[in-house]
Amino acid sequence: MNIILAKPRGFCAGVKRALLIVENALKIYKKTIYVQHELVHNQYVIETLRQKGVVFVEDISDIPNNSIVVFSAHGVSKKIKKKAIKKNLTILNATCPLVTKVHLEVSKSSKNGIETILIGHRGHPEVIGTIGQYDNKKGKIHLIEDIEDVNQLTIKIDKKLNFFTQTTLSIKNTQSIILALKKKFLNISGPKKEDICYATTNRQNAIIKLSKITDIILVIGSKNSSNSSRLSELGKETGVFTKQIESFSDIKEEWLKNKKNIGITAGASAPDILVEEVIKHLKKLGFKNPPKEMLGDEEKTIFKIPKNLNVQN
């Protein structure tokens, strides 16, 4: 019985940057570090930071004036930022640079009064933050989730129209939505390359490859992790038995019955230690062969943190 690891898997550059910002802030400041929303969507990571004294809040109003706040990797709306400034908070922005790029484009559309369409999942913090970059009352930003939303969409002025996407969507589904938009609105413009990030793309491509050489796939990632959920959905679409788990304790032995090759991947916010624990658990259950890593993309992207947060080792 074999264990095959997807490549790439686990932390992306945006998550690594966000974690480094908080870890360094804990070393530099002698005050409580507050984080608006979960820094990244992984319960293990959040609990680890909580044990170090980090306080997570959903409402910026719950943070005392003159405190230190970290904006999560998902980004925040302009309103949240204004509230933080009004409370005289020291802002440490851990927003993923790829999300910031989308924010800047949406803000530009807003400034120019161009109606804008955002493809994304309703209620996701990244989507809330991105929609919150559009504040021109003369224009409008529309959120769509699927092709049915495209069919029902009504635009006042479609001579100039822009679209953008959440960074953690299914590539396949998003491409079909974009095609539907371009078919309905001939003058629509979008980014040269869709906003889905490199890490999301690489992990989705990897799970497709993994599905061809395994008969079960375990996706490690929290339930509220968008990119992990997309990986799980994609694994199921390939026809391979796929389960999304938070940790090794979620694994049921019945899943492994008559399985010879078990594939493991992890969402962009899931740490390596969770993968290691799953491997250790599987070995106890009979998967004795050393795990093999499949061939895949080598990720070399690094996002720098603010200079004032650099810590000398």
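Note that Cβ sites are derived from N, Cα and C of the backbone, with glycine treated the same way.
Per Swiss-Prot, the features are as follows:
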{"type": "ACT_SITE", "residues": "Glu126", "note": "active site, proton donor"}
{"type": "BINDING", "residues": "Cys12, Cys96, Cys197", "note": "[4Fe-4S] cluster binding site"}
{"type": "BINDING", "residues": "His41, His74, His124, Ser225, Ser226, Asn227, Ser269", "note": "isopentenyl diphosphate binding site"}
{"type": "BINDING", "residues": "His41, His74, His124, Thr167, Ser225, Ser226, Asn227, Ser269", "note": "(2E)-4-hydroxy-3-methylbut-2-enyl diphosphate binding site"}
{"type": "BINDING", "residues": "His41, His74, His124, Ser225, Ser226, Asn227, Ser269", "note": "dimethylallyl diphosphate binding site"}
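Location within the structure of each feature annotated in Swiss-Prot.
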residue : record                                                     : Cβ contacts under 8 Å, 6 or more apart
Cys12   : [4Fe-4S] cluster binding site                              : Cys197, Tyr198, Ala199, Ala268, Ser269, Glu299, Thr301
His41   : isopentenyl diphosphate binding site                       : Gly221, Ser222, Asn224, Ser225, Ser226, Ser228, Ser269
His74   : isopentenyl diphosphate binding site                       : His37, Thr95, Cys96, Val99, His124, Pro125, Glu126, Gly129
Thr167  : (2E)-4-hydroxy-3-methylbut-2-enyl diphosphate binding site : Cys96, Leu98, Val99, Val102, Glu126, Asp195, Ile196, Cys197, Thr200
Asn227  : isopentenyl diphosphate binding site                       : Thr168, Ala199, Thr200, Arg203, Gly221, Gly267, Ala268, Ser269
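Burial estimate for the binding-site residues (Ser225, Ser226, Ser269): highest at Ser269, by number of other CB atoms within 10 Å. Around Cys96 ([4Fe-4S] cluster binding site), taking its Cβ as the centre, 26 other Cβ atoms fall within 10 Å, counting all chains. Across the residues the record lists as binding (2E)-4-hydroxy-3-methylbut-2-enyl diphosphate (His41, His74, His124, Thr167, Ser225, Ser226, Asn227, Ser269), the two Cα atoms farthest apart are 15 Å from each other. Each of the recorded positions His124, Glu126 was scored by the other Cβ atoms within 10 Å of its Cβ; the lowest score goes to His124. Within 10 Å of the Cβ of Cys197 ([4Fe-4S] cluster binding site) there are 26 other Cβ atoms, across all protein chains.
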